Amino acid sequence: MRSEPTNAAGNTTLGVTSVLQSTSVPSSETCHVSYEESRVVLVVVYSAVCLLGLPANCLTAWLTLLQVLQRNVLAVYLFCLSLCELLYISTVPLWIIYIQNQHKWNLGPQACKVTAYIFFCNIYISILLLCCISCDRYMAVVYALESRGHRHQRTAVTISACVILLVGLVNYPVFDMKVEKSFCFEPLRMNSKIAGYHYLRFTFGFAIPLGILAFTNHQIFRSIKLSDSLSAAQKNKVKRSAIAVVTIFLVCFAPYHVVLLVKAASFSFYQGDMDAVCAFESRLYTVSMVFLCLSTVNSVADPIIYVLGTDHSRQEVSRIHTGWKKWSTKTYVTCSKDSEETHLPTELSNTYTFPNPAHPPGSQPAKLGLLCSPERLPEELC
């Protein structure tokens, strides 16, 4: 068990003390870090993610489910992403309580393992699903004609299931790790195995996905830029969307993965000098925790960029809101048959018709990524 002495400055000993010699780890295996330095920032950010992410992802899940039922391929990835985000957000209050309670976990080791498992799975499921979304858009835009007969919902479901299964298996060793009585997954003392794991996470969990996102979004914008049927404003809209996708990815995930890389590199540099490694990790503790927390902001940014920020989603939300107002009015106000017939054309017009000069009269609104003609691309991508 790790000790938990805390001084007035909020410094807490992490590691194994000589109190429990049965662990066969000497007392020098302790590092001193400050929990108080990051407490306020972590609580504020996690609280904001919970308050904003819950309604945003609930609405996103509903909107994308409607598109899934209409056989939309891209919506499958977005729906899976929103479900994963909702599962993670449901555990955020536990982290807030843990941090506010000076990093003391009172819910038992199994609850700690499940919560941590969901936390880390969500990070990498989100990253890989974002890559799937960008690749699907890339195929739908750059190879619109060639991919038309090859993009199927069944394929999207299979890929999403494989992503979730792969990440789940990679993180499954979490359940085999020993969890201390009062702590829940505090940073472990660096060793060669953990350093190698950090290198792999940086390479396959960040660097390669970043390359995929940058390449696909650049190619999408390049393809749109060459189109003669789009206005400058429409092209700029696609450009801003592509830049936003890569920027949010960098802001949310780059800091934490860079810290992982630095930690692993420091272990290699000090060549097993545990005192030096411990001192270095202690200095990085606050930064590491803040950057890990920052990665969860992705749970709020993704639904806004990919779904809620699109023109069609705003129209759908407006339609639902108008329909709700109409239903509420009919619930409390009884109208005569003649009155209903008189106002029916107006009600239908206000509720269900969304004039759009880009669509021929009587056409249906474009789905999220299904229609890929040059005239419809900006609406799909933005």
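Cβ atoms here come from the backbone N, Cα and C positions, even for glycine.
In terms of which side of the membrane each occupies, Swiss-Prot places TYR35 together with MET274. In Swiss-Prot, CYS184 is paired through a disulphide bond with CYS112, chosen from CYS112, CYS121, CYS252, CYS278. Counting every protein chain shown, 21 other Cβ atoms lie within 10 Å of the Cβ of CYS112 (disulfide bond).
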